[in-house]
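Asker: Below is one structure. I have some questions about it.
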Amino acid sequence: MLDPYDADLTEQQASGAALASLHYAYPITVFSYYMVSSTIAICTLQTSSSEEAHPRRRIIKWLLLFCVLSYLVQLLAMLVEAITQKTFDLEQDVIINLLSCILVFGLEFAGLSDSPKVVWHPIIGSIGLALVFEPIIECLSMLSRPSESILPAEFLDIGIVSVRYLAFALATVFYFEGGWNAKKEKGTDSERQGLLGADGQSGDENGSKADQANEQQNGYGTNASSTTESSGEGNQTATTERPESPWERRQREAREQMEKRLKEKGNWFTYAKSFLVFLPYIWPVNNKSLQVRIGLVGICLLTMNFVNVLIPRQLGILMDSLGGINDKNPWTQVLIFGGLKLVASEAGISLLRQWLWIPVEYYSYDAMSTAAYSHVLNLSSDFHDSKSSSDIMMAINSGQSISNMLDSLCFRAIPMLIDMVVAFIYLSVTFGPYEGFITIATSVIFMYIATSMIARLKMARKGEVSAWFEEHYIRQAGIQGWTTVTCFNQIGHEEKRYSAAVKNRITKSQKVQLGYILSYAFQFLVLLCGLLAGAFLAVYQVTHGPATPGQFIMLLTYWAQLVAPLGFFAGLGKSISRDLIGAEQLLEIMQTKPSIVDKEGAPPLEFTGGQVQFDQVCFSYDDKKEILKNVSFTATPGMTVAFVGATGAGKSTILKLLDRFYDVTKGAILIDGQDIRDVSLSSLRTQIGVVPQAPVLFDDTVMNNVRYAKLDATDEEVFEACKAASIHEQILGFTDGYQTRVGERGIKLSGGELQRVAIARAILKKPAIVLLDEATSAVDTETEQRIQDALKQLCEGRTTFIVAHRLSTIMNADRIMVVTGGELVEEGSHEELIRANGKYAELWSRQIFVKPQDGSSSSSAAAEDNNNNNNKNKPANKDEEEEGGHGLVNDLPTEVAELELAKVKVNKKQQQQQQQQEEEATTATDAGAGSDDSDDSTSSSGDSEDSTDTLVTPGNKKEEV
Ligand SMILES: Nc1ncnc2c1ncn2[C@@H]1O[C@H](COP(=O)(O)OP(=O)(O)OP(=O)(O)O)[C@@H](O)[C@H]1O
């Protein structure tokens, strides 16, 4: 039969064991719940929920602090009791429980105090868990006490627990009551709040407005920032407006893009998933040997983790063997220690890992950079028009950010995490749970302090970066604009400006530097406190218990191993977000699809002569403003078509559509009866040769630049093309002949040389259709004649489209198309159009032509600007201004020009007479009124007669007509 006393004892023992487990389980559960739910909240972007402005936030915070203090009081009461009773066999599980609860709820309190945006469910869930665990623990502790001896200290303990329970319960009630009231108020006040702002925004909205103001002051997110400069004498202050630097703009845009996409995706998981497009460039999908290498690198990392555990352990064993605590041979132990150190060194596993990794790393660089480069080259004009080349280049280089991110996560974060967990377990097993607690508490407090300090320094760092750019901008502007600075005698002013910017930057840098120093000092202090606590405990265990001096050495070594991972994890968030911004730039490009692509199975263009037909073509760059409206014409094979019209009329756009830089929005373009959208892009572009107005050459030799049109062309073919372009002799006269480098964008060549090299290139290509944006650049008459000869060679027998700027080109064209406001208003040969007495004839009669050499207009000096502005022709007079300016160059010989003008005049006169006769016939009763009733064109022609008595000719002389 069971003895009732024994049964009582067993019950007590059982409840004691359960109690001990609960003492550990309670804080672990609460901490795990808090960490996991907070992480999920961050990943699913719950931080921006409207819950953040809870009306009872403050009271809940103080109740939480009260609970933390209650744990502390409980702990102190236990210590006081132990000291007064002189019984130092404190229950370990109770002490750990109290310490852990102080840590966990203290952390939650700090989060609630610090963070402007609060997600409540991790906190309320933790309180809920406390409400479940606390009564169970208290009941079990009552059960495990000997029933006859309830001490006053136990009454105090029960009292503290009860008050704490009440505080937890009150916090829960306040949370739900506050939420319910807020909802109710929101319902009733919704109309009033329309003017005040949405609910829950007040506090944070103010905060964000303050942030915005702050940002504006710092120049972030704005186009300008300012620096106040003060001179020593007279305290003169001036404000320097600085445009946002390209780097700042790129960073801002990428950050905005990242935030936008993050919001769209809804959470970090889906957001991170979009980066999976890069996986094939990082993971060698079709390369088994590289995959094996990656596997081996993984094994190396795990081995390294294992060795990291063994080294401190071995050091401990070595120390003990030296002290005679164990019977191991110190010589053998030191050899093992040396072997382990070798394995862990740069000459051991690390060497093997890096050797294995090098080909994988280069694979990734190769795959990523070639894919990004090829993708960018295959994107269409709309993309390239909208991005600057430096932006694109920066984005391509951002491929490195993705590798960095993976490197941080896979090869640093995961092994370090494993190291930390192993260290924690090993220390807990060797020195007991106190040591484990000290390790965890130190890590948690360290991480908290380090991350909040980094966040605090963010704003100061932004200010420093802005000041850096300010300094750079002023320096660069001063040096670049040295001539202006010197001409206006402003060297002193620039010196002061620069000195103020340097001082401003130094002040900000010092602030940031001090911040970092203080942050490191705090972090070091936390680690030192943890180390001291751990060391005291270990010394106690060495002197009183089972631990050995060797194990103490092991503890110190492990501790040193913890420091690096903690520092790394504290900065991980920041470095990942920086890498994400970089990756975002590349992702945006990789996700952009080319708008001009081949249709599936598109056949090559079948060229049968070169007939080009525009059929009711409409086009718009941005789907808003129509640039071309129902343009229709047909160019027969071999025909030369010249487009004439005001600047911005859409002439160059017609050429771009023909080369399929863009697709028409309506209508169709047909070459030899085939819609250019239905044939392959490559076959189309093979048939077309383009000579742009401002040709761009590569920074290479003349030979290579010309050969670019046909990479397998022989030297002879290149020479022939250059001869045809009338540039061969000139090239031979260069220092290194055809091997002369032309400089960036062909800077070392003159305008005329550059154009002829571009023409030679087009001649070498032997295109079937030629697109020519005729240059108006000022070259001497002889050079111009040579360019014309070269062009003649190029266009011979080919269907040619010219955006014409020279009267000679226009007159020689088979067909002239007059484009106005995106519409084809006139079409015909020179003679036909003169006879038609329309827009084209009007152009002639008004004589708004630019002189070939110095760019001045015959009718207005305003046209002088035309040439100075690098052929961006400005309107020459008011009439032309209305049309946007034509910039036509009168390059005709005097006699030809006179003859043509005479024709126009005669034609005009005839037309006037004819008109007059018609009017007289129809309005017989109103005879004699014809001369007074002259229409607009008559009067304008009259005006023009007055103004066109002089005509500018190539000799730069004004001649009487
Ligand atoms: N890439 C582009 N994106 C948006 N609009 C554009 C683009 N290129 C040209 N435009 C606009 O289209 C219109 C027609 O331009 P286009 O270059 O065809 O004129 P143009 O008649 O050739 O003028 P110019 O003789 O001065 O070269 C202009 O208003 C211009 O601003």
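Heads up, the Cβ atoms here are built off N, Cα and C, so glycines get one too.
Automatic prediction, not curation, is the source of TrEMBL annotations.
Fair warning: this is a prediction, and the values are worked out from it, not measured in the lab.
According to TrEMBL, the record shows the following:
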TRANSMEM  24-47  transmembrane segment
TRANSMEM  59-82  transmembrane segment
TRANSMEM  94-112  transmembrane segment
TRANSMEM  119-143  transmembrane segment
TRANSMEM  155-176  transmembrane segment
REGION    186-258  region 'Disordered'
COMPBIAS  203-240  compositional bias 'Polar residues'
COMPBIAS  241-258  compositional bias 'Basic and acidic residues'
TRANSMEM  268-284  transmembrane segment
TRANSMEM  290-311  transmembrane segment
DOMAIN    296-578  domain 'ABC transmembrane type-1'
TRANSMEM  409-431  transmembrane segment
TRANSMEM  437-455  transmembrane segment
TRANSMEM  514-540  transmembrane segment
TRANSMEM  552-572  transmembrane segment
REGION    852-889  region 'Disordered'
COMPBIAS  856-874  compositional bias 'Low complexity'
REGION    905-961  region 'Disordered'
COMPBIAS  910-942  compositional bias 'Low complexity'
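Give me the lay of the land around each of these features.
Answerer: Tertiary proximity for the transmembrane segment (119-143) is limited to same-chain residues at least six positions away from its ends with a CB under 8 Å from its CB atoms, namely 11-12, 15, 18-19, 22-23, 25-26, 29-30, 33-34, 37-38, 41, 46-47, 49, 51-52, 54, 60, 64, 67, 97, 104-105, 108, 111-112, 158, 161, 164-165, 168-169, 171-172, 175.
Below 8 angstroms of C-beta separation, residues 42-45, 261-262, 290-291, 294, 360, 363-364, 367-368, 371, 399, 402-403, 406, 583, 586-587, 590-591 of the same chain, each at least six residues beyond the ends of the transmembrane segment (268-284), sit close to that stretch.
Long-range neighbours of the transmembrane segment (409-431) within the same chain, counting only residues 6 or more positions beyond its ends whose Cβ lies under 8 Å from a Cβ of the stretch, are 297, 301-302, 304-305, 308-309, 313, 439-440, 443, 534, 537-538, 541, 547, 551, 554-555, 558, 561-562, 564-566, 568-569, 572, 576.
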Asker: How about long-range neighbours of the transmembrane segment (94-112): same chain, 6 or more residues beyond its ends, C-beta under 8 Å?
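Answerer: 23-24, 26-28, 30-31, 34, 38, 57, 60-61, 64-65, 67-68, 71-72, 74-75, 78, 118, 122-123, 126, 130, 137, 433-434, 437, 440-441, 444-445, 448.
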Asker: Give residue numbers and ranges for long-range contacts of the transmembrane segment (59-82): same chain, 6 or more residues beyond its ends, CB-CB under 8 A.
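Answerer: The answer is 88, 90, 94-95, 98-99, 101-102, 105-106, 108-109, 112-113, 123, 127, 130, 153, 156-157, 160-161, 163-164, 167-168, 170-171, 174-175.
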